[in-house]
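According to TrEMBL, the protein carries these features:
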- Asp36: active site, proton acceptor (ACT_SITE)
- Asp176: active site, proton donor (ACT_SITE)
- Ser9, His67, Gly143, Phe144, Gly145, Gly146, Asp176, Gly177, Gly178, Gly198, Ser199: substrate binding site (BINDING)
- His34, Asp36, His67, Asp176: divalent metal cation binding site (BINDING)
Amino acid sequence: MVKYKIAPSILSADYANFASELRRIEETDVEYVHIDIMDGQFVPNITFGAGVVASMRQHSKLFFDCHLMIVNPERYVEEFAQAGADMMTIHVESTPHIHGALQKIKAAGMKAGVVINPGTPVEMVESVLELVDQVLVMTVNPGFGGQAFIPEMMSKVEKVAALREAKGLAFDIEVDGGIDHETIKLAKKAGANVFVAGSYLFKDDFKARVAALREALND
Ligand code: DX5
Ligand code: ZN
């Protein structure tokens, strides 16, 4: 039985009102909050760091799915663990020591995820699949919300799902970028079960939009 999870991306929220934004998320039935950490170097945009995550933790008991788009994320494992992150998902392109970095995340007591950019082949993460709780296949180039879903990424999701099957593993497959009530169906069909959505959800009718994603998953 596949467990489908919806992960609203706080990147599209009102940054001056994280507490009320978290409340709005908690009033729905979503499983995760997706928290995008950007350093202005790995990606052109800058968001915030572990300090802000620690403050968010004071206002929410939700599962914090932290997506790090920073150079050498292994430098901040302890900080994010202490801030209350539940999972740290790091880019294979962001460190020459992906295996060690994932080990470090697990040793700090968090779940570990690995991410690939649209231009990165699945083979790049094949040798760390045994270590991870989640593989994130980016469906846009990271850095900004509101970009168009890249449908060609679906064959990569299929490939990750096939490798998981062949190796007898059980990690989740997440997609991030351009997810709405239509594209979520393509991602589900390809084998994804965790769906990040930012600009689609953070509108006045947040609750109804979560319900629309849920409904699309039931189709
Ligand atoms: C982009 C981020 C995403 C972003 C998705 O680099 O990783 O999590 O918030 O935004 P949408 O859903 O608007 O494409
Ligand atoms: Zn993200």
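Even glycines carry a Cβ here, placed using N, Cα and C.
Caution: TrEMBL annotation is automatic and unverified by curators.
Positions of the features from TrEMBL, shown on the structure.
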{"residue": "Ser9", "record": "substrate binding site", "contacts (Cβ under 8 Å, 6+ apart)": "His34, Ile35, Asp36, Gly145, Asp176, Val196, Ala197, Gly198, Leu201"}
{"residue": "His67", "record": "divalent metal cation binding site", "contacts (Cβ under 8 Å, 6+ apart)": "His34, Ile35, Asp36, Ile37, Thr89, Gly113, Val115, Leu136, Asp176, Val196"}
{"residue": "Gly143", "record": "substrate binding site", "contacts (Cβ under 8 Å, 6+ apart)": "Met38, Val43, Pro44, Asn45, Met69"}
{"residue": "Gly178", "record": "substrate binding site", "contacts (Cβ under 8 Å, 6+ apart)": "Thr139, Val140, Gln147, Ala148, Phe149, Ile150"}
{"residue": "Ser199", "record": "substrate binding site", "contacts (Cβ under 8 Å, 6+ apart)": "Ser12, Gly145, Gly146"}
Other residues with Cβ within 8 Å of the Cβ centroid of His34, Asp36, His67, Asp176 at the divalent metal cation site? Ala7, Ser9, Leu11, Ile35, Asp65, Cys66, Thr89, Leu136, Val196, Gly198
Fewest neighbouring Cβ atoms within 10 Å: which of the active-site residues Asp36, Asp176? Asp36
Residues among the binding-site residues Gly145, Gly178, Ser199 that border ligand 2 - Cβ under 6 angstroms, in sequence order: none
